[in-house]
Every structure is written in structure tokens, then in C-alpha cells.
């Protein structure tokens, strides 16, 4: 086997490793190595092994923590266990933001966990903002295929120059590709990683119909398996840059494998309950980064015919995969 052939084989294997597995093999860190308490006093408790932390919401206050460093791109992950029983109005967030540095034009990448009344399941919401574009909501909401209150499950965000990918238990559930027309709407400035629990009674559950009932407090969320793998930068630099070779490999990691993409499509068809890309009441012309999937559109129209009753003009139609091909894919 010649040198060029051996090199091409190595690069093929390396790309597969990075995109498929390496992100899940990144080292875990102790809480004090990467984070600082943000608020909450005694409502934040670090386990004596230093690897896990509890955030609590009670009548007095919520709680939260923030990364010690500020990052320009990276992979950020934690295994989280949510409060059980009645949790309406409770919001638990795992997100990137620079709102403290850029009050009028901040960026944000969100995982939000929205509590519910007894007998109804938690919901997950993902969202992104760039350059203060809060007037353009890019929310998606989902149910899960497991009970997130019974055990820990891993939630991860990959943020690169061109992609944002949200994962649940290593399954990609949402991919945002940067488009030229997005401009500053794509998060591009250095951000910190935050985790918080707080009272979102005004909006979190059925638009505020059900609020937090402190009779069931304290509400406790637990975090472990903490991963902070990114390019730490100095935000005071005029043009902060990321030159870390390991972080540059995020470009490769953002290439979703065929197996991962199949799992993502199945998840979205089974568990997605809202996407701004299909909300024709909100957007008459779909935003540029949206790729409309006919199967997703059909399911959402059945789920909520008023909101998703038609497909807006101007969308890009995704490649349609045959039903037989999806049937061969592992169920989620």
C-alpha cells in the first residue's frame, strides 16, 4: 500500500472517529476545575467527590453556575437528572450566552427543560440567538423517549464556525447550519456556559397557565459528567480567534454520519412538537437556515393544524428518504 493510499485511509478513519465517537470520549472535569457558582447560596451543593452538583429551586431563590472561561466554539455536555412529580413552571437551562458582555447584541444557544403538571412529561426546548436577534424566535420543542426524572441522561451542544448541533444521549436532535443570509443571527461571539434552575411560572407551562407550586419544593436538578471542551479566549481582544488544533477538529465533528442522521430524522418525526420552520402563522416566509422535511411537516400538521396548517413559501426542501430505509434504522 503506497503512502498516499495509507494517508487517505488514515484520514478517513480519523474523520469517522472525530465525527462519530471522539466527542463522547472527551475527559470529564471536576466542578471546581471549570465552573463557579453564579447565584443561589446554599441552593447549589457540590458533591464531596467534586464531580457532581445539585441545583435547587425553593421559595427563596433558584440557583446556577457558570464556566470560569469564555469560549469561542466547543463541545459542552452534562448528564442531568430532572425533578420528579409536579414541576409546572420550573425551568432548568443548560446554555451558552454572552449577555453579560453584550447587553444589546448578545448571542445564545439554549437547552431549556420545561416542567409540567403531575402526569405530564417534561419538555425540551432548544433555541439560538445571534447578535441580539431575540425578535426572531428559532425555538424547537420536543418530548423524550424516556423519563428524564428517573436517571441521568446526557445533553450536549456542539458549536463550531458553521454548525450548531444539539444532542440527547449522543443522538443529534437538531442541526443548525450557518447560511450567508443569517448574517449576525448565527452565534459568533465568545460565550460562557451556564446552568440554572429558576421560576418560569409566567410562560414555561402552557403559556403560564400552570405556575410553580412551592408546596412541592424544593425542586432539585442534578448535574454530572461535566465536559467543557472548547477554545478559551480573552473577550477583551478585538478579534478573538481559536487556534487550538483540537478545537479545529470540531469542523470534522460537525459532519453528522449517515447513521446519526437517520437517528435524528426518526427522533424529530416521533418527538418534535414545535418548530419555527413550520409555523406559518409566525413566519409567512421561512427563515433561510430551515430545511423543510415533508415527514416532519405532516406530523406537525396533525399535531397542531392551526399553527402548522401549511408550508410557508421560500423554504428549501430536504432530501426525502424512503420509508423502507427509515424502517431499517434503529428506533428511538
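Backbone N, Cα and C define each Cβ position, glycine as well.
Feature annotation (Swiss-Prot): of 293-312, 313-332, the stretch labelled region 'Disordered' is 313-332. According to Swiss-Prot, 125, 126, 127, 135, 136, 137, 138, 139, 202, 203, 207, 282 bind xyloglucan; the candidate from 112, 150, 265 that the record adds to this site is 112.
Following the DSSP three-state reduction, the secondary structure of residue 126 (xyloglucan binding site) is strand.
All protein chains shown were included, and the count of other CB atoms within 10 Å of the CB of residue 137 (xyloglucan binding site) stands at 14. Around residue 108 (active site, nucleophile), the C-beta neighbours below 8 angstroms that are at least 6 residues distant in the chain are 95, 96, 97, 98, 99, 127, 128, 129, 187, 191. Most other Cβ atoms within 10 A: among the binding-site residues 135, 282, that distinction falls to 282. For the recorded site, residue 108 (active site, nucleophile), the DSSP three-state label reads strand. Here the Cα atom of residue 282 (xyloglucan binding site) is found 21 Å from that of residue 131 (N-linked glycosylation site).
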